[in-house]
Amino acid sequence: MPAKTPAKHDETKKKDDSKDASKKEGSKPAPNKAGAKPDPNKKEDASKKKSVDQKSKLSKQEVKKRAEAAKKKAKDAKKLLEELENTTLDLGGEDGKKLFCKKLHGSLSPLRTLLSLYGRFPVTNTRKNEDGTYEYEASCSSMSVFHFNITTLLLLYAFGVGMFNILKLLLASGPRSTDNLSKATLEKQWKYDKALVQRHSIPLIIVFTTLLQGCLSSIFFTRKRYYLAHIFGFINKAAYTLHMDIAGTVSDYTLQSTVICTVVTCVFIMLGSLKFGPSSIGTPTVFGSLMVRLYLGPRDFLKYEGKYGSRQFIQILGGWFLIVIYVSSVAPMLLFIYKCKILRKGLACWNGRAYCALLRGLEFAQTESTRTTYNLLFKDHCVLLDLVDSVDQMYSFTIESFFLLQLTSLLFQLYFFFRTGTEGETLIPHTSTKYEQKYFYVRPYDWVPALLILLTTTALIYACGNAAAQVGEEAEAGFEVLRRKGVIGRKTDQELEFMFSMCFSFSNTLKKCEISGAGYLYYNKAFMMQMISVTLFCLFLLLQFRPFLEYHPQIFKNGTADLFLRRLEGTSGDSATKIWRNGTLWILRQ
């Protein structure tokens, strides 16, 4: 083999030195000389290195995102544990229990004051025990029970006498009286009374359905007043025994409901005083006349104001009856919502304790002071079931009558709005000369009190149904905690006994942990959808027949009866119209 020349030997040596230097320093290979072909192996190495760098960057971003997500998850878990800690830890021992009882007793104060003012709270607080609990009673000798009985008698009188007079007016073919009055006077007064009743058919339907609901709830509360006092005492002692702040934010609800009920009552009084709409003054008048018609007989006391203001007295009397009827129908349902909120809060506290004991065993130790041991959890659950059952038994038949009658009232309110909106513009107004020859039922500004009644009725129905449904939903949330824990795996005998006992309790097909009206039907979200569907079906059925309900053609063609109604409702040119118009303009200007 021929020997290398010195020049070639130097060139090969320089190349070897450059390769060794590039390997040691990790630098890039020297670029190719001009005109030389690129090395494919070097190109592949560069692309691989670039992909590795991109993967490292992506992995760093993913690690950063995962770290932030883990930090956020830990923060949320810590916040949840702090919230659950407030329901499980022993807050001050006996002082904490007394504080819970005092808070529960004070949460009812606004609502108790309002209902006691109208005679709708037949329970009195007798004394405070040494352990901080309160006792209640419903003795007949107490002033609250006496006031409740008087209001109940007034409601029964209003319903009985009112229905008797309405049927007597509508079914009778003419006036019958033994008074020494001419037949023409009796005939005229009978037409006035009959026209007034038929003119306000829908308001009277709403009033009497509300009145019937108030009478039924008063009768049920009178029969169960001792049981009602027992429930109030049982709830207070349960707060002490379970060591739960079951009052929670219920005090906000009682204050809000009291304010709303007071504001709605004041608005009704203002509408009647200003004679804002014909129905706002005509409804109290017709109801007041029905209350005293048996005593005054067929007198001409409604035709004119009179020297002694007899018509004004009838209007004030009817307005007072309407306010009492409204509060009497609302009162038992406000108490029902109050107790449902307490039950929901108690079940939520129990769910938090079960969650800490079963799913957060490492963070929380099961102790008797926090009532998170399996034995105490099962006992507390039994107490809560007794509370749900007692409230269910107390309001059986009251809830059913409320939903039935209020949905009937809501049906006619919706029918009134539909008919007013579709046919009101085609009717000839009462100022026209052709008014006596046409039928008329839509009166100016009647939609204002009607809309207020519609909103309050709808809101109360929704609040009652939603409060009852939330009790069952909160109980199902406790079963969800047990389902997540499961019974598979290594467990102690005490834990297995607790799990099986609770599963049997929640899966009981005979009696669910829900408000059921003594077992007749379960009040949940499905029931609310059924109520909506039934109401719409009845509304469509009513629209097929379209009854008049608010006028009588034969009577309203009579000029004197027409003038009487317009004077009474404030739609004529007398002083009542001026007061009504001035009040309306003042409100609009403000």
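Using N, Cα and C of the backbone, Cβ positions are placed for all residues, glycine too.
Keep in mind the model is a prediction, meaning the values are calculated, not measured.
Among the features that TrEMBL reports, region 'Disordered' is placed at 1-75.
The compositional bias 'Basic and acidic residues' feature in TrEMBL is assigned to 7-27 (among others).
Per TrEMBL, the feature compositional bias 'Basic and acidic residues' maps to 39-75 (among others).
Per TrEMBL, the feature transmembrane segment maps to 146-167 (among others).
The transmembrane segment annotation in TrEMBL covers 201-221 (among others). If one looks beyond the transmembrane segment (201-221) by at least 6 residues along the same chain, the residues whose Cβ comes under 8 Å of a Cβ in the stretch are 122, 148, 151-152, 155-156, 158-159, 162-163, 166, 228, 279, 282-283, 286-287, 322, 325-326, 328-329, 331-332, 397-398, 401-402, 405-406, 408-409, 412-413, 415-416, 453, 549-550.
Feature annotation from TrEMBL assigns transmembrane segment to 253-271 (among others).
The transmembrane segment annotation in TrEMBL covers 317-338 (among others).
Proximity of distant same-chain residues to the transmembrane segment (447-469), defined by a Cβ-Cβ separation under 8 Å and at least 6 residues beyond the stretch ends, is recorded for 206, 264, 267-268, 271, 276-277, 279-280, 330, 333, 336-337, 340-341, 344, 399, 402-403, 406-407, 409-410, 413-414, 416-417, 420, 514-515, 523-525, 527-528, 531. The transmembrane segment annotation in TrEMBL covers 447-469 (among others).
Remote same-chain partners of the transmembrane segment (526-545), defined as residues 6 or more beyond its termini with a Cβ less than 8 Å from a stretch Cβ, comprise 403, 407, 410-411, 414-415, 418, 461-462, 465-466, 469. TrEMBL lists 526-545 (among others) with the feature transmembrane segment.
Nonlocal intrachain contacts for the transmembrane segment (253-271), taken as residues 6+ away from its ends with a CB within less than 8 angstroms of a stretch CB, comprise 107-111, 113-114, 277, 280, 319, 322-323, 326-327, 330, 334, 337-338, 341, 448-449, 452, 456.
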